[in-house]
Each structure stands twice: as structure tokens, then as C-alpha cells.
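Worksheet: the structure to be examined is printed underneath.
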Amino acid sequence: MYVEHFFKLPSQTKELLQNTPYRFGFGLLSEVTFYRSYSRLKEDGTNEHWPDTVIRVTEGIFSIRKNHALNYHLPWDEEQAQIFAKEFALSMLQLRWLPPGRGLWMMGTRYMYERGSAGLYNCAAVDTSNLAHAAEWAMDMLMVGAGVGFNTAWSGKATKPDKKHPKIYVIDDSKEGWVKSVRLLIQSYTDNGPFYRFDYSKIRPAGSPLKTFGGIAPGPEPLKRLHKKIEQILDDYLDKKIDKTRCVVDLFNNIGLCVVSGNIRRSAEIAIGRPGDKTFLHLKDYEKFPERKEYGWISNNSVVIENLDDFHYIDAITSLIASNGEPGVLHLENMQKYGRFGEIVPDRAWLSNPCGEIALESYELCNLSEIFISKCSNEEDFQKLIEYATFYASTVNLLPTHRPETNEIIARNRRIGVSVSGVADAIEKFGLETIIKWLRKGYEKVRTVNERLAKEAGIPVSLKVTCVKPSGTISILAGTSPGMHYPLATYALRRIRIGKTSKLAKLLIDSGLSFEEDIYDKNSYVFAFPIHYDNPRSIKEVDIYEQMLVLTMLQREWADNMVSNTIQFDPTRYDAKDLSQIVKHFLPMIKSLTLLPEKETIYPQMPFESIKKEEFEKRVTQLPKVEWNTLSGHHADSERFCSTQSCQID
């Protein structure tokens, strides 16, 4: 049991939260997103409503801090904690700021109290020098919901095992059993370990409920496929059919595919390579590597530019970016030397999380929180929300994970990422000068609050405290543009796929919401929702240079970690040579960069489709009222991590 001392809101505070009006930002789309992704089943079999989730999260985060204080015999003022918790919960209820999706799903659950904090974290990364250990750790983190970054550092040392006399390993019906089986199989190649065949008989059948973690069991089939694939990849490597880079990335992509195809968790990865590695540069070229099309999409791929000496690689990199938007670029010198631009903050990190907002050491995790700056009425309002978001992020890492190698690094760095979303909306609404002022003073506020909380807890202050995350699903709840990005359109249709057997789909259909058969997945329906962004300009009206200037402004004024970005460009205006000059000009001032060519591709049931104002207004009047109190027994689908504009899949 990781938590023994619990914090409970009094009945009058809970009643206040249950009876206080609130409004999701995009109306019915936001409501459906909440119930699809974050509404857990309560003990009585009904689904959480938004106030229930707010209460669970509030009691969970305050339980972590209370538990830490009492376990270490530190001061704890219950009366003051209750006062602050009430304000904290009310601001969250109104969607002024939010925890990350992992926090909405896992905070305050029995799984967290019994198993520790790993399921609360967004960001993870691992060095692959020890291939078997790295693969085990990565699968472990993917299965609890973190996005994982990995490099290609493995030495390549391996030998074929003796398959004639295998040992039998009976896989336990648990996450631990799955990840151990993967480690044992890889070790039979890399560590001269015994070769294993696996007994899957203990694994519960597909469709069984996962009562503690939440969700539905996938059965043994995804793991069986993964074991066969791992064996094939390592055999192909030793038979010289693929090289070391392919071996590492193929292994990790297939681990991610197992997690996704099993519907265990929505996984996301980033593969991190060297700019001179030609195999790595062409991993997304499915004409060159056609077999990778099945699983190559699992990871974003980025190359590490260590310093100015590596800038000669940029021409080759941008020639690839010009066609498909990959690879991304990480600037190692800036990651390790600076906090915000120009501020010296030594950092050992050499890896990144999948969306590029947090630089990480191997086996490190980082948790986030998010303020919707465009929803603030003034600077004082923004400063108050910083207190809540910083409290949340600074408290999660007081609770250990189940991994000792991870706890060691978290205890040293205490790295957090307080993020802002709706940045583009706020610039249009308040003006750039005002937002720069808010962010500059806001950063100092985050630091002040974090230092106070660290002192109270008797721990080091956080190495770094701010970032800008991409905010796909969470920004939909609040109704803002995601992260630093401009919306794809001011008026749009947002489509969501929901499984036909889902009780959520049945409720929507029974309520009168129109739907279509999914032409790509016979087991799903597609629902379309009209939305309006509070921004007069869409991304099509914002040039690449203006986007880059917003990125560098955020790295200078706010983010001492990194700024997740997908910078879109018109390929008819900017060729590879133009992109090379842009990257060389801006990269010395930033830490991560993703460039994506705009494509006018139109296809049926697009996730996001621009519409006219008149169509928006017509469709809004056709939306039904859904009686959410009738929803029960729906198993939420948890969030999809790959949520930047370049890779959102619903």
C-alpha cells in the first residue's frame, strides 16, 4: 500500500461541487470526450460525472501530500488544506486549469493507492544500452499509460539461443507477467539466457473487466503476436537481414503495437536517433522498408543535433521533412545547458518524451498540468490558476512508483511541467505584449510556489518546472486551441469513432445524435460534432515564420523544459532549401522542432473538417440533449497520447 493516510472532502464541499454549474468548452463534443476517455465506473456500476471526477482527483492529490507529510512527521494543517482543496476543486470544475489526461484517469483510484504513481505520469524515456531491461521498462510504462521515448544506443551484441531445449515460462495474469516475458525472451539473445516458450493459460480471456486499473482485458493474443515478432526481429538481425537501428526501433515499435492492438492502453513512442544514421532517417520510407508500414506509425522519429558542429546534417534532414514531416529535431546542447532561453540550468537529460515537451534522463518520468491562458480574465486570474496547477504537478512526485531505478531519478530531479494552452487564442484576444508579460511573471510564480511546496515537503526544488504540451484531448474539454497551436479552422466538424458495442454509442444514438458506419472499422460508428474556436485566425492564415516566432517566444518567456510544436508550412511556398535556412536560423534558440507540410487531402470521415459558419450554426441547432445520468456500465477508452495536430487519431 503506497498511501495509508487519506484526505477526504467534507460532505458540504462535495455537495457544492455537485450543485455548482459548469460548462464544457465545446459543448457536446467535450461531454462525449469526457465520458469516452475519463469517466470511470463507480462502485455502484454507474459512470462518473464531471463533479465526481473532480472530487476523486482532488481527494487523490491531497491524499498524496497528506500521506507524505504524516509519513515523514512533517507539519500538516488539515483546516488550511480543506480551504485550499475547495478552491482547487472549484477552479478545476470550471475547467480553468486541468491535470493531464493520466491524472484525470488515475488520480485517486485504488490502483494508485495500492501500486504507486507510475500510472499518473505522461512522459517517460529510456536509453537502450541494456536492451532487455529497456524493453521491459518501456512496456511497463506504456501499459500504465505513459508515452515513451527511446534511443538506438544498444551495442548490437547478441547471439542466437539454443531453441532445441526451451524452458517453459507460465505467464502470470498481470502487467508484471507480460513485461517479464518480454525481458526473458530478449535476454535469451542478448545475455546468453535460456530460451523460453510461453504458457498463456493463466491470462484472462478477452473482454474481461480490469477492475483495479479500469478498462477491458485484451486476452493473450496481442502478447503471443509480440513474442513471435520479437523472435523474428532478433533472428533477422543476427542473420544480417536488418541492421542494429532497425532491430531496436522495430522491437520497440512492436511493443507499442502490442499495447495498442490489445487496447490495453493508447501508446505513443518517439524514436531518437543520430542524424548521420541513414537507416534511421528512412524508417518512415515504406517503399524502402515496406514491412515497417504495419508498425512504424507507432513512433514519431527525431534526430539529435548535439551542437553547431552537427548543423551540416540539416540540409539532408529538411529534404526528408519537406516530403513527409519527419524526422523531428532535438537540440541536445540547449536541452542540457539551458532552462528558458539564455538561463543556465545544467541538466543531464539526453532523451525526450514522444511529444517533445520534456527532456528526460533514462528511466525518468515527468508529470504535467495545464492552464488555459485564453480563459483567464486578467493577470491576477492567471497567477491564481498557477497556484493550483503547480500544486498538482509538484505533488504527484511525492508518491513513489513501483520502479526503484525511476524513483532514484525522480527524487533527484523532481521535474515537472506546468503548461499553458490556448496560447494562440490568447495572443489574438489580449495581444502579444500582454501575453509576454503574463508568461514572464507567471514563470516566476511557478518557481515561487514550487520552492515553497518543496520546502514544506523536505525535498529538492524541481530542476525544471514549465513546458508547453500539445494538449489534444484535454484542450477539447476546455474548448481552446491546443498548446501553442492555431486551430486548423475557426469552424469545423470534429469526428470521433466509438465502438458499436459501447454503451456510450448506444446512449448517443438513443438520444438522436446522427451517426455513420465507420468505413475503416466495421466495429465502430462515427459521430460528428460542430465546433467553433474562439480565434479569428486559423493555421492557414499563419505563416511558418510567425509560428516559429511564437515557439521561440514561449521557449524564452515560459518553458524551461521544452515546447511541443508542430509547425505547419505550405510546401508550394517553402522547399527543402528554405526549410534548411529556417531550421538553422531558429534551432539555436529552441530545444525541439517538428515541421509538417500542409496537405489539402480530403477523404471520407476525416477527424477534422473545416466548415462554414452557416453550416456550424445549422448543425448546432440539430444537436440533441443527452441525459448523461442514464449512462452506466461504460468502460472509458482512456486517452490517446499521440495528440498533436500531426497525429491525432480518433
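The backbone N, Cα and C atoms fix where each Cβ goes, glycine too.
Among the candidates CYS366, CYS376, CYS467, CYS642, the disulfide partner that Swiss-Prot records for CYS123 is CYS366.
The Cβ of GLU357 (active site) lies under 8 Å from the Cβ of CYS123, LEU368, GLY417, SER419, CYS467, VAL468, LYS469, PRO470, ALA559, ASN561, MET562, VAL563, SER564, SER592, each of which sits 6+ residues away along the same chain. A Cα-Cα distance of 13 Å separates CYS355 (active site) from CYS366 (disulfide bond). Summarising the environment of CYS355 (active site), the number of other Cβ atoms within 10 Å of its Cβ, over all protein chains shown, is 32. DSSP assigns CYS366 (disulfide bond) to a strand. Other Cβ atoms within 10 Å of the Cβ of CYS366 (disulfide bond) number 29 in total over all chains.
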